[in-house]
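Peer 1: Have a look at this one before I ask anything.
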Amino acid sequence: MTHSNRMLLGVNIDHVATLRQARGTRYPDPVKAALDAEEAGADGITVHLREDRRHIQERDVVLLKDVLQTRMNFEMGVTEEMMAFAEKIRPAHICLVPETRQELTTEGGLDVAGQEARIKAAVERLSRTGAEVSLFIDADERQIEASRRVGAPAIELHTGRYADAQTPTEVAEELKRIVDGVAFGVAQGLIVNAGHGLHYHNVEAVAAIKGINELNIGHALVAHALFVGFKAAVAEMKALIVAASR
């Protein structure tokens, strides 16, 4: 991937598949959503093939790999099954995320510092496919340093605590944590992305942070698309990010 000065938007289409799986139908099609997102200005498409297959299915990933004009960011747990699948699909980008069956979504970042040997082996193996491997972590210096040590070229900072913050003081504290994490990551020579819980009313403060390469956003886009359409939802988010990151 070429890393430009402008901030990129990665559109996560998982929850289009969530709606489909709720009834076991063939619609709505996440592949169509991905193509619409690209037309509306998405710089990449993110999908998370979960162990429990609650939304995205293998077939979606295979189809997307064939039709995307931008690039795929493939989110996956650190399991043998997923690593073998990623080796077969060979996405441009792979993001390793923590995963349990009970979670509603990816809660908290990957504990890289607590399992360095395991993560290092996964990063090395997946990097051999030609993918740029990133690690979904909290904006914590210990985890950022560990990410560099295991050889990951990129990290994605977890913005969920910022998104969930209730009071102005909490919001400011969590935003500062992200700002500091971005600066520390860049200083470590890492490509720094961010995402989780971002929506139309909280994205601008994060998009204004210098040093972030890409924001990954999904649930808010899919929710807004119910009322304005998918292309309009993506275009609106892209405009907010472009304006805030100038």
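From the backbone N, Cα and C atoms, a Cβ is placed for every residue, glycine too.
Copying in the features that Swiss-Prot gives for the protein in this structure:
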- ASN12, ARG23, GLY197, GLY218, HIS219: 3-amino-2-oxopropyl phosphate binding site (BINDING)
- ASP14, HIS15, ARG50, HIS55, THR105: 1-deoxy-D-xylulose 5-phosphate binding site (BINDING)
- HIS48: active site, proton acceptor (ACT_SITE)
- GLU75: active site, proton acceptor (ACT_SITE)
- GLU156: site 'Transition state stabilizer' (SITE)
- HIS196: active site, proton donor (ACT_SITE)
Peer 1: Which residues in the same chain, at least 6 apart in sequence, have a Cβ under 8 Å from the Cβ of HIS15 (1-deoxy-D-xylulose 5-phosphate binding site)?
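Peer 2: HIS55, GLY218, HIS219, VAL222, ALA223 - these are the non-local Cβ neighbours of HIS15 (1-deoxy-D-xylulose 5-phosphate binding site), listed in sequence order.
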Peer 1: List the recorded positions among ASN12, ARG23, GLU156, HIS196, GLY197 whose C-alpha is within 10 Å of the C-alpha of HIS48 (active site, proton acceptor), in sequence order, or say none.
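Peer 2: Near HIS48 (active site, proton acceptor), where near means Cα within 10 Å, the recorded positions are ASN12.
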Peer 1: For ASP14, GLU75, GLU156, listed as recorded positions, tell me which one has the smallest number of other Cβ atoms within 10 Å.
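Peer 2: Looking at the recorded positions ASP14, GLU75, GLU156, the Cβ with the fewest others within 10 Å is that of ASP14.
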Peer 1: Three-state secondary structure of HIS15 (1-deoxy-D-xylulose 5-phosphate binding site) from DSSP?
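Peer 2: Going by the DSSP assignment, HIS15 (1-deoxy-D-xylulose 5-phosphate binding site) falls within a helical segment, counted as helix.
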Peer 1: Comparing the recorded positions ARG23, ARG50, HIS55, HIS196, which residue's C-beta has the most other C-beta atoms within 10 angstroms in this structure?
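Peer 2: Result for the most crowded candidate: HIS196.
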Peer 1: Could you give the Cα-Cα distance between GLU156 (site 'Transition state stabilizer') and ASN12 (3-amino-2-oxopropyl phosphate binding site), in whole Å?
Peer 2: 14
Peer 1: Among all protein chains shown, how many Cβ atoms are found within 10 Å of the Cβ of GLY197 (3-amino-2-oxopropyl phosphate binding site), not counting that one?
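Peer 2: Excluding its own Cβ, GLY197 (3-amino-2-oxopropyl phosphate binding site) sees 19 Cβ atoms within 10 Å.
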Peer 1: Considering only the recorded positions ASN12, ARG23, GLU75, HIS196, GLY197, which fall within 10 Å of ARG50 (1-deoxy-D-xylulose 5-phosphate binding site) when distances are taken between Cα atoms?
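Peer 2: Near ARG50 (1-deoxy-D-xylulose 5-phosphate binding site), where near means Cα within 10 Å, the recorded positions are GLU75.
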Peer 1: Between HIS48, HIS219, which of the recorded positions has the fewest other CB atoms within 10 angstroms in the structure shown?
Peer 2: HIS219
Peer 1: Which one of the binding-site residues (ASN12, GLY218) has its C-beta surrounded by the most other C-beta atoms within 10 angstroms?
Peer 2: ASN12
Peer 1: Among the recorded positions listed here (ASP14, GLU75, HIS196), which has the Cα closest to the Cα of ARG23 (3-amino-2-oxopropyl phosphate binding site)?
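Peer 2: Answer for the nearest of the recorded positions: ASP14.
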